[in-house]
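Structure record follows, encoded as structure tokens.
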Amino acid sequence: MMNLMGIFLIVLALVLHGTTTLSEDVSPPPLVYGYYKETCPFAEEIIRRQVELAVLKDPRMAASLLRLHFHDCFVMGCDASLLLDSSGGIVSEKQAGPNLNSLRGFEVIDDIKYYLEESCPCTVSCADILAIAARDAVHLRGGPRWEVLLGRRDSLEASLSGANQFIPAPNSSLETLIANFDQQGLDVGDLVALSGSHTIGKARCLSFRQRVYDVNFFEQHYDRYKRYTTFRRILRSICPESGKDQRLAPLDLLTPARFDNHYFHNLLEGKGLLGSDIVLITQDHEGEILKLVLAYASDEKLFFDSFAKSMIKMGNINVLTGDQGEIRRHCRFVNT
């Protein structure tokens, strides 16, 4: 009897050990299409309607919503950590240098979440809201539409230090930009395609002042062509050498509210607003980026296809799924 009991205990131990091992080896489920088809069938319709109303009221909001998704994904992954307000032990990423007095659109996300909670309580994550809203914002301004992979969950924490470290600065060198994107698993092709989002929206004087007034910067990138004086004069009229940091200039002067391929025409003409736009051409010593810029400038559909693919790729950065994180009831706070 003792022998049988001993054998039983050994077998039981092996089974339990095997179960634990299997549990530890199981990866979180991937993102999927149609994730809310059964649990919240009108989720995407609700989001699109609210984005449409916001963009109709303020066309610039399209770029702002797209930027929220970008700034969220580059810090700890696409987990809505950006949306958290400072509370308890959380210090909000909204206080980081690249975000403070710059990001906008949080109220739009709040409204979307409110209507989703009314329709499907505790079902649709804030991280998925950001991804869908970014897609809809682009499409409503004339850009491409793509199917968004869904099933993200929301972070339980924020990273102020990560927001200060990983979000590319508007005066970054090409080398720094490539390194920033590489840290997120994105390549040079993604960098160029996603930079095309600068076809809509506006930037603060603080973000492009160096590009206008730094003599060395200007001579290095422009004076050899002798043809950018007018554009520089326009920017100086908007952005004085000191003060007025919050004054805005469109990232694309000709079609500032339309998502198109005109950004790449601007690059070829030396009319990129930010330093980080300019260096895509001036510091591209191998010519790899120039080939892409020329291709996108001549073929808008090619740009749209590449942009959509890179957005899907970016939207997969370090996502939380399965039982990781949570589904927040309010995007600004973790559940209590």
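Backbone N, Cα and C atoms are what each Cβ position is placed from, and that goes for glycine too.
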What is the disulfide partner of C331 among C122, C126, C205, as given in TrEMBL? C126
Could you pull the disulfide partner of C120 out of C40, C73, C78, going by TrEMBL? C40
Same-chain residues at least 6 apart in sequence whose Cβ lies under 8 Å from D252 (Ca(2+) 2 binding site): H198, T199, I200, H262, Y263, N266, L273
Among the disulfide-bonded residues listed here, C40, C78, C239, C331, which has the most company in the form of other Cβ atoms within 10 Å of its Cβ? C78
Run through the Cβ atoms and count how many others sit within 10 Å of the one on D260 (Ca(2+) 2 binding site). 19
With every protein chain in view, how many other Cβ atoms are within 10 Å of the Cβ of S81 (Ca(2+) 1 binding site)? 27
Going by Cα-Cα distance, which of the recorded positions (C73, E93, P168, C331) sits nearest to T255 (Ca(2+) 2 binding site)? P168
List the residues in the vicinity of the Ca(2+) 1 site, defined as same-chain residues other than D72, V75, G77, D79, S81, E93 with C-beta within 8 angstroms of the site's C-beta centre. H71, C73, F74, M76, C78, A80, L82, S155, A158, S159, G162, A163
Could you tell me the C-alpha distance between C205 (disulfide bond) and P168 (substrate binding site) in angstrom, no decimals? 17
